[in-house]
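Notes for the one structure printed next.
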Amino acid sequence: MSDSVQPVFTVAGIRGIENRVMPSADPPLMERAGRAAAEEAFRLTMERPGRVLIVCGPGNNGGDGLVMARRLLQAKREVTVVFDGDLARLPADAAAAYVAWRGAGGKVETELPPPPEEGWALIADALFGIGLERPLTGHYAAWIESLNSFNVPRLAIDIPSGIDADTGKVLGTAFRATHTLTFIALKPGLLTLDGPDHVGNLIVRTLDIDIAEHARPPGHVIDTTLFRDQLKPRLNNSHKGDFGEVGVIGGARGMNGAALLAARAALKLGAGRVLVSLVDERAPSVDLIQPELMLRTPEQVLAQANALAVGPGLGLDERAKAILGEALALERPLVLDADALTLLAQDDDFQRLCHDRSAPTLITPHPGEAGRLLGTDPFAVQHDRVGAAVELSQRYRSLVLLKGCGSVIALPDQRWLINTTGHPGMASGGMGDVLSGLLVALLAQRWPAESALLAATHLHGAAADRLAREGVGPIGLTAGEVCEASRGVFNGWIVQANQNGH
Ligand SMILES: NC(=O)C1=CN([C@@H]2O[C@H](COP(=O)(O)OP(=O)(O)OC[C@H]3O[C@@H](n4cnc5c(N)ncnc54)[C@H](OP(=O)(O)O)[C@@H]3O)[C@@H](O)[C@H]2O)[C@@H](O)CC1
Ligand SMILES: Nc1ncnc2c1ncn2[C@@H]1O[C@H](COP(=O)(O)OP(=O)(O)O)[C@@H](O)[C@H]1O
Ligand SMILES: [K+]
């Protein structure tokens, strides 16, 4: 994995690094964290200096806040600290930070005071970090609700209090930050589920720790460097046979559009030829909007395509089952989505076939489909998205894309990645079909399965992001628009990747 790709660590991983670095760290990590937080506070209040409120909790996150407070006070800034923890139970570093704060002349409030007349210049949340273990209740929950109501910059220290660092779940209630300064490395909870709605602008400070020296990250954030090797301009001397033959099978009655969207996306991403089979017998025999698509029978598609996407609008009947069985038996890259995933979840024989395949299988469930595949429900999946994706990958020996806010990719060797492109305007019918089409197009063009999945996922969101920047959405964005925009973003990536001698 390239050095420039951002690592992601679970709480256990961060604790592991901490245990290795802490004993000999000079200056101590909490000093570094508090100093980084003070620097961020300066930056955020440059234009509107005034009193900073720092709300400190009963653990080391609170200690970071106390160091931050001392640094600000020493720089002649006005600071109000709120802390109502039990001094006798403070961890050693946080207790030292408390003593140093008091020694510097700092005061401590035990209740949230009313804001000064001119308002808080900044609110810093140092209540809970990665040590949060149960839902917030009582006065901590009330404080957070109150802090969230102030329309001023709100800085979360390490992670917004109330967000589970491993899963992104809100535990009770959570601080809504405008900025989050996170230490050592990113955590999954900042990037998926409820995390992105609470972190605001995300800033990572490694605290001068060379992470690669201490641990192998279990996860990464997806960016284009991960598949840059595949982003090649075409040779002049090329012909359509060089770019593969995509097969899409789906489109039962009432769902023709799902398969057509996938097929159109495959065309827009450069597949040499795109064959599509609509299993609805009354379906049209030509796509008049996209007549380049070749409408064929399932048998023809299965025989001819060198990469297949099965499932968009496929239905769940006997014919659908027969098609899925045949597709699984073919040793060609296979994307399974939508109804194909529901069928796979229901049938042990399909699962055995899937498990025994030697060509790559790529499954792209949303949380509902993932729940079916795991024999649980969407709530259990969302409770731990990374864990669910990794489990799916192991159980189905597949590359997995668990879709939604902060899509998670899990690979059969247990690595996982989180995608940060995309936005809630994508929560509309047909978006997943477009993603399947982008993916199968890259597979047909003989991209390795891992690169294809990373690229298609990242591209799909990046195209939607570009459209939103241009005023197309986010609300009301359509899947067809994302399909069109993907082409431009992808060609841009190729140009970029091949500048400067790459
Ligand atoms: N890792 C590192 O290298 C570095 C870590 N650093 C910082 O340390 C932070 C982690 O500190 P941490 O482990 O002390 O945990 P933290 O988040 O302060 O919370 C634990 C406290 O909260 C309490 N508590 C928990 N849940 C609760 C609830 N629902 N309601 C009420 N109380 C609850 C819990 O009490 P208990 O469960 O024992 O009752 C305990 O007292 C990390 O995020 C970063 O900011 C930096 O200094 C830089 C280096
Ligand atoms: N809130 C969101 N943030 C980012 N991406 C999202 C969000 N909601 C949906 N998406 C993306 O949109 C796509 C929706 O896919 P899917 O649920 O299969 O839709 P459909 O079944 O209508 O085709 C997925 O790629 C998903 O990650
Ligand atoms: K916090």
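Start at 1 and count along the chain as shown; that gives each residue its number.
Even glycines carry a Cβ here, placed using N, Cα and C.
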From SER24, SER149, SER161, the one annotated by TrEMBL with ASN61, ASP125 for K(+): SER161
One of GLY429, GLY430, GLY432 listed by TrEMBL as binding AMP at the site of LYS403, GLY404, CYS405, GLY406, SER407: GLY432
Additional residues around K(+), ordered along the sequence, whose Cβ is within 8 Å of the centroid of ASN61, ASP125, SER161: VAL55, GLY57, GLY62, GLY65, ALA126, LEU127, PHE128, GLY129, ALA156, ILE157, ASP158, ILE159, PRO160, GLY162, PHE175
For the AMP site built from LYS403, GLY404, CYS405, GLY406, SER407, GLY432, further residues of that chain with CB within 8 A of the site's CB center: HIS366, LEU402, VAL408, ASN419, GLY422
Distance-selected binding-site residues near ligand 3 (C-beta under 6 Å), from ASN60, CYS405, GLY406: none
Filtered binding-site residues, from ASN60, ASP125, SER407, GLY432, whose Cβ is under 6 Å from an atom of ligand 2: SER407, GLY432
Candidate binding-site residues GLY313, LYS403, GLY406, pick with smallest Cα gap to ASN61 (K(+) binding site): GLY406
For GLY404 (AMP binding site): DSSP state (helix, strand, coil): coil
ILE130 ((6S)-NADPHX binding site) CB neighbourhood, other CB atoms within 10 A: 26
Other CB atoms, at most 10 A from the CB of GLY63 ((6S)-NADPHX binding site): 32
